[in-house]
Every structure is written in structure tokens, then in C-alpha cells.
Amino acid sequence: MGNVFVLDHPLIQHKLTYIRDKNTGTKEFRELVDEVSMLMAFEITRNLPLQEATTETPVTEATTQVLAGKKIGLIPILRAGLGMVDGMLNLLPAAKVGHVGLYRDPETLTPHEYYIKLPSDISERELIVLDPMLATGGSANDAIHSLKKRGAGNIRLMCLVAAPEGVEVIKQDHPDVDIYLGAMDDKLDEKGYIVPGLGDAGDRLFGTK
Ligand SMILES: O=P(O)(O)OC[C@H]1O[C@H](OP(=O)(O)OP(=O)(O)O)[C@H](O)[C@@H]1O
Ligand SMILES: O=c1cc[nH]c(=O)[nH]1
Ligand SMILES: [Mg+2]
């Protein structure tokens, strides 16, 4: 079964509070999502492998450590996942970015894929799927299926806020996928919104409501 990690770093939790606030406007919302994504990237990269190197300091030769060059792929789920890409790239500048376009039908809550474009070598990369919201889990579930169908083997999922229902879906369908969250919320409402949540992440990021 995949692991679920709630990243409880105080800076992440503090910024998440302002992301949730209904009085936070689009510009500030976008900046906060960017910042929290960077902080989450810091936590999610904690176990990246290192290798030994030798470095000449001004004083002497030192045995040092450098990243072992693991290839990373960031996979934002459009639209809202786009808000998490730059923050991640700040810390992982060599990562490649693939896009999965999905929208959730507001009546049926079923996800519909409308776009996919991935790096050609996804099977060699450690992929991090990005979406601020994990609600019913349908969208992330479909995105992960799509990636696996195209050869991806190593996938993690990173979301700002999740409902228990969505986490359960991913755990059942993709027990190999670890999930990294800013917060695990209480439930879904009758329209499939996360409670207490933060509203519609895409609309708040792009000012479309
Ligand atoms: O877990 P689920 O029940 O599938 O819901 C979560 C999805 O809903 C939102 O996308 P939305 O369909 O609003 O598209 P958008 O990002 O373009 O606004 C959100 O960004 C997730 O992708
Ligand atoms: O609460 C939710 C649920 C799905 N999508 C969102 O943007 N917000
Ligand atoms: Mg939306």
C-alpha cells in the first residue's frame, strides 16, 4: 500500500492558511501556491540519492556530496497543477515537465482527458504528479493510469489539500504511488468540493470566476 505523508512543516502550514482564506485574491493566491510548492519540493526531495565527489576548497581537498543525477519528471494536471510547476522547478531545475489536461464534469464528477504531452523518456524518470486538489480522486487516478499506460513506473503524487475519499481511491488503485499532502481535510460536500478545502483551485489561480 502506498504511503501518505502530510508535510507538516510550519511554513507550509502557515502559507496554506492564507491559501484557504476566501479573502485572498488571485495574485496572492498564485504566489502562495508557488511558495508552498517550493517548500513541498524541499520535503519531497529529502531522499534523493547522493554520490561522493572530491572538491578543492581554498584550504584543502574535501570529500563532498553531489546529487546522483536521478532524472525527475514533473506532471502537472491542467489547469490547477500548473500553479505548482515553477515552485518545484526552483529546486529541481533539471526536471522535465509533462502535461496532462483533465477537467472534472461538474455534474457527474467524472474526469475527461483533453490533452497529454510527456517527455519521451518517462519510463526512466521519477515522476511527481502535481495537482493542488485531490477530491474524489478521479482526476489523479486517471492521470496516473495514463502515465502507466505510457510506460511510467515510478510515480509520486503531490497535492496541497486532499479529501480522505480521494486518498483511498489512489491507495486502492495505485498502491505503488506515495502521496504527499499539505493537509488531509475532513470530507467532500454534495458537489464534490473538499471541506473545508480552498474552493476551486483553478478558478482561484487564474481568476476565472
Ligand atoms: O479528485 P477530483 O474529484 O477529480 O477533483 C480534483 C480535480 O478537480 C480540479 O480540476 P478541475 O476539473 O476543476 O479543472 P481545472 O484545474 O481546469 O479547474 C482539480 O484541480 C483536480 O484536477
Ligand atoms: O474542492 C475542490 C474539489 C475539486 N476541485 C477543486 O478545485 N476544489
Ligand atoms: Mg477547477
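For all residues, glycine too, the Cβ spot is worked out from N, Cα and C.
Listed in TrEMBL for this protein:
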- R79, R104, D131, P132, M133, L134, A135, T136, G137, G138, S139, D200: 5-phospho-alpha-D-ribose 1-diphosphate binding site (BINDING)
- I194, G199, D200, A201: uracil binding site (BINDING)
- 6-208: domain 'Phosphoribosyltransferase' (DOMAIN)
*Please list, in sequence order, those binding-site residues from R79, I194, G199 with the Cβ less than 6 Å from ligand 1.*
R79
*Check the binding-site residues D131, A135, S139, I194, G199 for any whose Cβ is under 6 angstroms from an atom of ligand 3, and report them in sequence order.*
none
_I want to verify one value. Collapsing DSSP to three states, which class is G199 (uracil binding site)?_
coil
_Nearest of the binding-site residues to D131 (5-phospho-alpha-D-ribose 1-diphosphate binding site) by CA-CA distance, picking from I194, G199, D200, A201?_
A201
*What binding-site residues in R79, D131, G137, S139 place CB under 6 Å from ligand 2?*
none
*asked:* At 10 angstroms around each C-beta, which of the binding-site residues G137, G199 has the fewest other C-beta atoms nearby?
replied: G199
*Counting every protein chain present, what is the number of Cβ atoms, excluding its own, within 10 Å of the Cβ of I194 (uracil binding site)?*
28
